[in-house]
Every structure is written in C-alpha cells, then in structure tokens.
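Here's what TrEMBL has on this protein:
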type	residues	note
DOMAIN	1-108	domain 'C2'
COMPBIAS	138-174	compositional bias 'Polar residues'
REGION	138-176	region 'Disordered'
DOMAIN	257-377	domain 'C2'
DOMAIN	420-541	domain 'C2'
DOMAIN	582-707	domain 'C2'
TRANSMEM	723-741	transmembrane segment
TRANSMEM	807-825	transmembrane segment
TRANSMEM	837-869	transmembrane segment
TRANSMEM	951-981	transmembrane segment
Amino acid sequence: MSNLKLGVDVVSAHNLMPKDGQGSSSACVELYFDGQKFRTTVKEKDLNPVWNESFYFNINDPANLQNLILEAYVYNNVKGSHTRSFLGKVRLTGTSFVSYSDAVVLHYPLEKRGILSRVKGELGLRVYITDDPSIKSSNPLPAMETFTNSEPHTNHAQGPQSHQVPKSVSNPFSNDKAETRHTFHHLPKQQHNHQEPHYATSMNQQPVQYSADEMKAEPQQPKIVRMYSAASSQPVDYALKETSPFLGGGQIVGGRVVRSDKPSSTYDLVEKMLFLFVRVVKARDLPSMDITGSLDPYVEVRIGNYKGTTKHFEKKQNPEWNEVFAFSRERMQASTLEVVVKDKDLVKDDFVGIVRFDLNEVPTRVPPDSPLAPEWYRLEDKKGEKSKSELMLAVWIGTQADEAFPDAWHSDAATSIDSSASASTIRSKVYHAPRLWYVRVNIIEAQDLVPTEKNRFPDVYVKAQIGNQVLKTKTIQSRSLNPLWNEDLLFVTAEPFEDPLVLSVEDRVGPNKDEIIGRVFIPLNSVEKRADDRVIHTRWFNLERPVVVDLDQMKKEKFSSRIHLRVCLDGGYHVLDESTHYSSDLRPTAKQLWKPSIGVLELGILSVEGLHPMKTRDGKGTSDTYCVAKYGHKWVRSRTIINSLNPKYNEQYTWEVYDPATVLTIGVFDNAQLGEKGSNPSRDMKIGKVRIRISTLETGRVYTHTYPLLVLQPSGVKKMGELHLAIRFSCTSLVNMMYIYSRPLLPKMHYVRPLTVVQLDMLRHQAVNIVAARLNRAEPPLRKEVVEYMSDVDSHLWSMRRSKANFFRLMSVFSGLFAVGKWFGDVCMWKNPITTVLVHVLFVMLVCFPELILPTVFLYMFLIGIWNFRYRPRYPPHMNTRISYAEAVHPDELDEEFDTFPTSRSPELVRMRYDRLRSVAGRIQTVVGDIATQGERMLALLSWRDPRATAIFVTFCLVAALVLYVTPFQVVAVISGFYFMRHPRFRHRLPSVPINFFRRLPARTDSML
C-alpha cells in the first residue's frame, strides 16, 4: 500500500453568509476525498472562524491522483434541530496538489451548490502531499453517502489532528520528473511509466510512427529554399532559409515529415550520428611498476589521432574509473581501438598493458535496448603475451540517443592527441534555474531605541540587506525614541535560501557618519509564504547590539529595543528575470497557482555553418563553439565542438509549454575556457542568438531553417554564421491553449498589487544577477556573460540607434492611418470622380441606415483577414537589420551604444554626445509643447481667458443647439459630409473660419519663463 497521503490544513474562513437569523453562523467544514470524509469542529457564532486543523487522507492509487477531486463544504450547524444549512463549497482537482515544501495557504472563494444558493466569503486551505510514514491518516467519519442526492448526516465532530511537519515529497504527476528524467536529452517518442498521464493520453490519441532512412557517410546536400518577408527588405544574406534535411524521422519537406519504411529513430528532429562508446569500469591485479612497489594507474583510450585519458590513482592496484569515451564515426581514421593502461610517472609514463579491438567486430546498440554489460579483458604486454592483469570494459557503437552520451568524453570536443582540456567545460548539460521569490519587508516602527549620545534624539533609518541587495528607508527626524516608517521594501531571493535578511537600525550622527543602534538577523526559511494578497501578521523582533558590551554594564542597563515588522515571501508574482517583450515563462512562483501545460516544444540543434574564426590556433583561424537554449526554468548547453568552423551538434531537447506568448532563445558562444591566449580569454565570446515566439508556430509542423547569426559590433552589423535548427510545437490541449488567450499575461498579483516600473527594473537586475551566480556555480558552469546576453540585461540602456528604430516602428504602425487619410484627401479633392461619387453614395446609405455601420466595419476586417491568409508568414520571424536600424547607423552612435556605464570615453567625446542629445531633446520638447498648446486652446474655449472668443463660441453653441434640435440628425450628417467632400472649385486656399478662430485662442505659453 502506498505511503502517500494528502494533507489538508483547514485554516480559516472569512465573511461568511449569516444563516442563524441573528446575523451570524456556526460554521464547520466537511472534507471529501476518494471516499473518505472528515469534519472540523464547529465554531459558534462567528462569521470569520479560525480552525487551524489538519487532516490526512490515504492516497490509494497515486497514478490516478490527478483525476481525483477534493471537496470542502462549509455548513452552518443548528444546535437544537440537528440540521444544517449550506454556506458554500470549494472544489480542487488533483493537478493543483503540490509537495509540503511548496504548499502555501490559499483563500478560495466559496462556490454555489445550485442556481438559487446564496453564498459569499472565502475558505483558507493548505493542501499538500506527503509520504512521511510517521503520519497516520485521520479517523474517518462513517462512510460517505451519495452527496449529490442528499446531504450527509451529521456525526460527532472530528477533533483536530496534532500538526506534524510532514516529510517533503515530490508531486507524483509534476513536470519536474519529466524534465529531469535524463541528464541531457529528452526522448519525445518513448513513453515512460512515470510520464504524465494526460501527455500519454494525448499522444495515444494520435499515434505517430517515426522511421528514418539510414544516414549515409556523406548525406546529400539539403535543398535551400529562400524565403523573404514582404515587409523586410534586408539583404539576402541576412534572410531566413528553409531547408529539407534528412532527420531521424525522415526527410522534412515543407514542414512535413516524409517517412520511409526503415526502423524508427528515437531522435526524430536531428540527424542520426554514430559514435564508438568505450566504458572503462575498473581494473584488477595490476602489477607493481615502481621500486617502492606502488602503481599510479590511468587508462588511455586511443583510436587514430584521437585519444582520451581517465584520471589517475596514486598507489592503487585495483582502481575504479567508470568513465565513458565517445568517438565520432565520421572522424575515425583507423580500424583498431587501443585501450592502454599506464603508470603515471614524473619523467615518462610506463606501459602496463593493452587491449585491442577490431572495429568491425564491435556490436551496435540501439535504445531502448538495455546497456551493454562490461566484460573482463586480459591485458597484453609489449610482446603480445597475456598477463594476469585484467581490465573491465564495454565497447559498443551507438547514437546520440544513448544514455551514456551526455556524460561521455567526446572526440569532437577535444583536440588531436590532446585531452588536457577540462571535461567540465566542454560537456553538454541541462540546468534548472533557481526558483525566485519576491521578499516583501514592511518596516512599521521601532521602540525604545538607545542612541549612543544621550543628549539628543536620533535621526534613524533602517537598512535592509539580503546578500548584495541593500535598501534603506527614509530618515526619521522625530522627537522621540519610537520612530515610525511604515515602508515597504522588496528584494529578490532564490531557493535554497542561503542569505538571511539583515535589518540594522542606524543613527545618522553626522555627514557620511552613521552608527548602528541595533541589528536583527531573520532566516528566510522561517519567513511565511503567501500566494495571494492576504494580510500577514506582524511580529516584533528584538534588536541586538552590534558590539560586545561589558557584562556589568548589561546588568545596569538592560537593552530592550525592538522593531515591528511584517515579512513574507510573495509567491503570487512572476519574478521577472527577462524582458516581458520576450519572456520565456510567465508563471507565478507558487506552484499551487500553476495551470496545466498546453503543449510540448521540441528543439533540434543541428549545426552551425560558415562561422567566422574567433581565435587563432596553430597559425590558422578556428572556433570552439557551443549552443545555449533557454525556455522557462530550463537552460540547456550543448557540447563544445573544438577546432571547427562548421560544427555539427545534432542534439535534441524538450520543454513543456504553459503559455503561447513566450519566446525560446538560442545563443551560440565561443568557449574561451580552454587555455587560449588572448586579450580576454576568460570571457566566452558571443557569436549570435535567435529568438522564436511560440505563438508564431503552427501545431505539429516541423520548422527546419538556417537562421543568420547577426551581431552588432562597434564597426556595424556582422553576420557570424548560420544556425541550423529543427523546431516542432505539439499542442496537447487545444481548449486550454485557446482559453489562455483570454487570460491576463501576468499572474493576478501583478494587477491586484502592482509594482512600479522603477521597482521592476531594479528587481529584474537583481534577479538576473542571482540566476547568473547560481548557474555559474554549476558543473560545467554557465558563465555570467552568457546568462546576461541570453537575458538581454542591457536592453534598458540608452541607445540612439534603438530610439530611432522604435520611432520608425511607430511610424510603420500609423502608416495605415496615414494611407487612409491620404485616400480620403484624394476623395475630397475629386482626384477620381467615380470613386468620389461612390463614396458619396455609400456615405448616404450609412447615414440613412446607421445600424449598418458596425456590421460593415467588422465585415470589412473579416474580408481583409481572409485575404491576408493567402500571404501569411510560413516561417518564424527572425532578426531583421532594417527594423533594428542597424544598417544605416552612424559609427559614433554605435560607439556610444557599446560604451560602459558609467562612461569610459574622453571628456571631449562625452561633451559632443551630450550636445547631440540636447538637440534631440530640444526637438522633442518643441513637439510636446505644441501638443500642450493645442490642448490649452481647447480649454480656452470655455474658460473666458479671451472673453470675446468665449462669447462667440458660447453664442455659436446656443445657435447650433437650436438648429440641431429642429433638424433631423441624418440631414445634418449628410450636409456636413457633402461639405467636407465638396468639389475643389468650391474650396479656398486660405484656412477655414473654424481653424482661424481656433488658432487665435490663447494658450499658457506666455506664462512660461
């Protein structure tokens, strides 16, 4: 029987409906789950009852947990008649259950049982899953009756269970398992037992059998189809190109898979690559080589010009390595594999023994076959004679779908006859970014402060700090020792919580001189979490002296200062660590608020072509490149391909999609951690990146394109190469995806209690720093410059180029309105008499039948949408140099954009740029002033600043009211329309009377200095 239990903490209820006829209610809660029923105690005469009772349900079938429902019914208990009345219910599905560590108290609005039910208020519950064997399930009430037909009978009230802290357990159907099943790759077409049930159901409804042609040694060149957007007239070399490669599922033609009758492939979005895998497990009975009788063994695996070595052990004759080596079949130049055991020595390593393999005899393994069992092989000496020493090995030929692939040493990730490059910097890995929380600190007041100087009142403020984040309250200059602030401070922190919250009350005794009065340390693990806007109870914390005080003095003068705080971890927000314009995740921090996923995104990183050399090695240009992809909390890094300007990766990854309005980002970098000499070898150099918005992808289509890697440099835009990708978005729930389009973009708390723009910018900067620091501590590390480039950390900085690009984007948005205005001007000027007459006829029809106006507008938009369907984009959008205004940008503007903050340029250059910025700001200032002038003239119509103008306008309004009262509206509209569209011979070149009158109205420009 499973130890899993569902824990339910019934906390409280608020604002219940009075049902006892005296303006109150005696409430109790009944819980129903999987045939089990529990009841809380009855709280007499209380519309805001507090229970704080815990109950535990047995989970008989964990695999069916997501299909089960927890129901909580709130009743008003009537003592005398043993009856009860319905106050409301809460219904929770199994998909919202989380582990104990992620559970927070949520207040659910009470729902009606029927149309005629009168219900109000909310019920506070905390629901979680635990597998702690020490927790026993609560004693159930008598068996449940059919609740839909009749209400259950009242039984003896179930007392509260003693609250035990349950052991944390992973959610049986959470996506954490699905994302971390493999260290490196996700096999999208292989169904596992612990795969999410709703995914399995969705995929079973549409079974797909993938098959692939055998990859030849030299596959045919894919057909390149150049595709260009009508709106982007950028150079052809910078455009997107569609390809038709042979992948694991077959050839991709026009986004569809043309399958063959060959056996299916596990990886259907990448090309099949063959590798020779060698697993070196251990050795035994190795001989003694030194005079002292010791041995420092290591193993060298060699094939042709490539070799890999294991770590060496000191003075050990039965070592265990358990390391895997992978050699690419494309680069093999020999037919014999040699595995040599050597003794590490200061001068020259000694030969111990060797095992040879003929590559024609090596078996082939294709997952899901079980791993090949290693065998013992006798070592041969230099003469070819067998010795008693043995080496345990496993040798096989496999593909990148092999589970040994991620952790293996790769021949294409190391230089020839040299494996000294650290394996930790070249291996592929999957990273999970830490879960970020907002920490809200409400500093209310302090009491009984003891300043160092007794003859004055302190000028105090509070400094709050978490890690490197420091915030301060305003300084209070009060005539008391009990200052009041009531200020909110916001921080960002990440799980696991490492840095505590440090609050220090400081006294400003002079300019740039502060003294600490008291300090308090608050561990974030003890801070309460919340997922909504409920009020957190305040707490008093005693302040500690920052220095050691003499014990005799402590006895005479007791230190009793304290501070009043309200601290919580806000889980209802999404912590923004990237720009909202291309965010990859919009879910709140609290897992209880997560909605089911709507689909699966699969990415195949095929290759990079035509790279520019990033460094020089052995007198020729080369690159050591790797790819990084980011979506949601999951970051992936491909292996580093060394000494190649056309690296082939063929690695496939999978993400779960929760919102279509998100963006996948893929970047290419040059690895500078391999001991290269250069100006700055410690920083990995950026080669380019690609953004792909999920909402622009058609469901089920495979997009195979080469994306230009465009990088803006101080010399201008430069193409660094082309990234070849295969992408597929599979929708698992079309209804949920359509429903997402009606929901807010960000979680509810961003609208209930919004944060200011300044706060969001500051918190985003801190969040990026935290994520970069955590990922930099992984193995292999994902360096800070990589995380910052992928997150666009400097997108908020000033750039003249970006400002011009945004201005031209705005002009293109209004270009349609400008075109309509120009067309209407031509109609009014009778450029085409036939068109003008038809417009007159249409205008008269709409005036006579105004009910046709809105249907006509919507029908027109419908027809435009249907017409544009023929010309819809057939490929994802990509970086556009014309839209980015990167082609015609001035070199000095680029130099300004790449300048540091604060600036590092010469004072003369900074002065010139400042003058240029002043001239631009002056033109903007003039435009803003003109707009304000027109608005003030509108106000002057009735303000009597110009008494004669206001008298004329008021008289005109009275006459117009009388005329319009006796004249039908259709007549006025027809006359006005015909007047505006009158023939040019009835027009004058001078401005009209209303325009002349309006321009003579006074504005407040004469009042400005």
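From the backbone N, Cα and C atoms, a Cβ is placed for every residue, glycine too.
Per DSSP, the secondary structure of the domain 'C2' (257-377) breaks down as 6 helix, 54 strand, 61 coil.
Residues in the domain 'C2' (420-541) partition by DSSP class (helix H, G, I; strand E, B; coil) as 6 helix, 65 strand, 51 coil. Looking just at the domain 'C2' (582-707), the mean pLDDT is 89.
For the domain 'C2' (1-108), DSSP puts the residue distribution at 12 helix, 57 strand, 39 coil. Per DSSP, the secondary structure of the domain 'C2' (582-707) breaks down as 7 helix, 63 strand, 56 coil.
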